[in-house]
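Asks: Okay, here's the structure, questions in a sec.
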Amino acid sequence: MKETKFELYELKPFIIDAVHRLGFYEPTDIQKRLIPAVLKKESVIGQSQTGTGKTHAYLLPLLNKIDPAKDVVQVVITAPTRELANQIYQEALKITQGEEGSQIRSKCFIGGTDKQKSIDKLKIQPHLVVGTPGRIADLIKEQALSVHKAESLVIDEADLMLDMGFLADVDYIGSRMPEDLQMLVFSATIPEKLKPFLKKYMENPKYAHVEPKQVTAAKIEHILIPSKHRDKDKLLFDIMSHLNPYLGIVFANTKNTADHIAQYLTGKGMKIGLLHGGLTPRERKKVMKQINDLEFTYIIATDLAARGIDIKGVSHVINYELPDDLDFYVHRVGRTARAGSSGQAMTIYELTDEDALVRLEKMGIEFEYLELEKGEWKKGDDRQRRKKRKKTPNEADEIAHRLVKKPKKVKPGYKKKMSYEMEKIKKKQRRNQSKKRK
């Protein structure tokens, strides 16, 4: 068996076996910086984008330090969405295969499932708990789940926890754990409103900020399509009808807009998946199954509903509108061009979007321009073409400039007088040109 660079961390044999099975050879940047700190039981803040290997940066060392001989909860991992919680749980199960690893009991508790069944599962306490904050907090309140001896708490996607209003539940969970708690916080951004919470639980945490090499994947084509005061719904339908995606996601900023788009497209005969925060757990589960079964070519989604969900095979992302928070643009387009594949991110833009587009360009995003004319894709005009266009002076302009000189001593209104004199000369030049042609 080929040795990997993970052997340097003195991890248990079952962890090293898992690393080989998963095909890992060299730790990612965030793993190099955080695995040693987590093994030393230090609290950490990891700021990184999706796809940097952050999940294994905490799973590998935390599973390594669990003692299966102790029948108590030792690690609690919280995630803002059911889908993300389940993904983390599945990764944990992959690591704990084999004779030694299988002694670690892991359980996943998420909202939208039967609470009594969850309570029944807790007659024997697991070593590792993964779940959504609301459900974990409920189980602690019911005295079904005991976390008072758990040494480590993970808060994944902390900025999304804040956005979705889950911080109070996380605070409750943390308050029921030991005072010398090891807290591991992972977030794409660290908003100001999150800082008081971090200060409450963390003293001199190790901080690792992994800057993405590129804001978005190299193989994403960023395409701008002007609305030009056209009916936006019809334009969207036309765009979707002239693409051939494996799977496409249309992003809207609000639940109401997503509902409106879905209703319009359904009326046009399209079979559409819909993902937003207004769905019941049962509806959401059904849509996710339909997506995984490839029943849809397109999904309409809002930002918060789509965060934390791993949807495979997305070839196209369409922004019905630009997000208010431009970080979400990066999250949206990051749905496509994964694992080295290519993808297209199309944005319908208005004239009022100019400021946002300039800011995205300053982040390093280069846009192409396309137009859909009579059912055919054509290269569009650069929205900056008017600003970039240089005025070419004609002969009359040049003569007028030469003949009308700026006075040495200027008086109020001189520009107007100069302009008037130049216009007189230009008219005379045009009359002379006209006579010559006759």
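Heads up, the Cβ atoms here are built off N, Cα and C, so glycines get one too.
On a predicted model such as this, the values are computed, not experimentally measured, just so you know.
Pulled the feature table from Swiss-Prot, pasting it below:
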| type | residues | note |
| --- | --- | --- |
| MOTIF | 4-32 | motif 'Q motif' |
| DOMAIN | 35-208 | domain 'Helicase ATP-binding' |
| BINDING | SER48, GLN49, THR50, GLY51, THR52, GLY53, LYS54, THR55 | ATP binding site |
| MOTIF | 156-159 | motif 'DEAD box' |
| DOMAIN | 235-385 | domain 'Helicase C-terminal' |
| REGION | 380-438 | region 'Disordered' |
| COMPBIAS | 392-401 | compositional bias 'Basic and acidic residues' |
| COMPBIAS | 402-417 | compositional bias 'Basic residues' |
| COMPBIAS | 425-438 | compositional bias 'Basic residues' |
Asks: Taking the Cβ of THR55 (ATP binding site) as reference, which residues of that chain separated by at least 6 in sequence fall under 8 Å from it?
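Replies: THR55 (ATP binding site) has long-range Cβ partners GLN87, ILE88, GLU91, ASP156.
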Asks: Near LYS54 (ATP binding site), which residues of its own chain have a C-beta under 8 A away, given they sit six or more steps off in sequence?
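Replies: ILE30, GLY46, SER48, ASP156, PHE186 - these are the non-local Cβ neighbours of LYS54 (ATP binding site), listed in sequence order.
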Asks: How many neighbouring Cβ atoms, not counting its own, are there within 10 Å of the Cβ of GLY53 (ATP binding site)?
Replies: 17
Asks: Could you count the residues of the motif 'Q motif' (4-32) that DSSP puts in helix, in strand and in coil?
Replies: 19 helix, 0 strand, 10 coil
Asks: Once the DSSP letters are reduced so that anything not helix or strand counts as coil, what is GLY53 (ATP binding site)?
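Replies: SS state of GLY53 (ATP binding site) = coil.
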Asks: Specify the count of other C-beta atoms within 10 Å of the C-beta of THR52 (ATP binding site).
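Replies: Taking every protein chain into account, the count is 20.
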